[in-house]
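Asker: A single structure is presented below for examination.
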Ligand SMILES: C[S@@+](CC[C@H](N)C(=O)[O-])C[C@H]1O[C@@H](n2cnc3c(N)ncnc32)[C@H](O)[C@@H]1O
């Protein structure tokens, strides 16, 4: 029931958003990472690890930073939050008790709502049979989807620890014949063209230094008629008279980029432009920021428990730096700078 309610809310948002996302005739500094057709020569801000497309040295550094961040932090996260390394989805009228089970249920709901928003059938017979999980973490989404649809899932991550842990969990949970994980780059996926009928990226897009290449790879590995789901952090859509984000906004994002190994951010409108340029169909977007609002306060509370603090101290500097910028995520959402976005589309038959 609530789900149906949300679906209609989401539909309203889609149309609202799509109206707002008219193609933008000129390039903005913050848009160049994803929009420049050639290696970018942008004025865009450079975050830690951030890179122009052609700057392979920086790209290598960024990838290494991401791999080390997740190698270091994934066990701590799993210990406290379980095997889903993404926001939870909370209903607006939901009373969040703060228990672990509430938050884990919200993380499952995020996957369910994303599938439903993308129009993936609930019917296991009609659901996807081959899935790629791009930026798979320790494989939470893949195992969920494999169970739900009996699908074969292949996950890729930059973190050797995550790939190994994801495979171990698959083995323990009796899913080793269905799901498998490897270290590979989302921008150069180790798969042939047209392979998967669901292409899934849950909170990995924000790490991609070249959004055009990222989306291009998602489209390339998708089979004809496949659904593509991108759930990701974006910055707000720029107004018609804006050339870039405000200086304070850039400064704010830069601190987050430094801690989480993120390159330049882009907006949902930028993703829509990219998908359109690849002739992808049924493009839908929504801003789910309000549905994820309880998430970061809960993560901070869990970090401040005895278990959280001792685990953090044992984990390493990258994890600690990540924990220290968590309040900036909350502030960014509150100020309308950060948007939790879902973007879905279909590859033409
Ligand atoms: C926040 S975690 C999300 C994990 C998982 N999707 C989940 O929801 O549990 C981000 C993931 O993106 C992966 N990632 C970032 N950049 C990547 C790249 N270029 N290629 C492959 N994976 C990447 C990281 O290794 C990590 O697994």
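Just so it is clear, glycine is given a Cβ too, placed from its N, Cα and C backbone atoms.
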Asker: Can you identify, from 111-120, 121-130, 131-140, the stretch that TrEMBL calls region 'SAM motif I'?
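Answerer: Matching range for region 'SAM motif I': 131-140.
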Asker: Per TrEMBL, which of 176-184, 185-193, 194-202, 203-211 is region 'SAM motif II'?
Answerer: 194-202
Asker: Among the residue ranges 221-230, 231-240, 241-250, I'd like the one that TrEMBL describes as region 'SAM motif III'.
Answerer: 221-230
Asker: What residues in the same chain, six or more past the boundaries of the region 'SAM motif III' (221-230), come closer than 8 Å to it by Cβ-Cβ distance?
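Answerer: Those are 114-115, 118-120, 128, 130, 132, 189, 191-202, 205, 215, 271, 275, 280, 341-349, in sequence order.
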Asker: Can you work out the mean pLDDT of the predicted model over the domain 'Methyltransferase type 11' (132-230)?
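Answerer: PLDDT averaged over the stretch: 98.
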Asker: What is the number of residues in the region 'SAM motif II' (194-202) that are helix, strand and coil, as DSSP sees it?
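Answerer: The region 'SAM motif II' (194-202) comes out at 0 helix, 7 strand, 2 coil.
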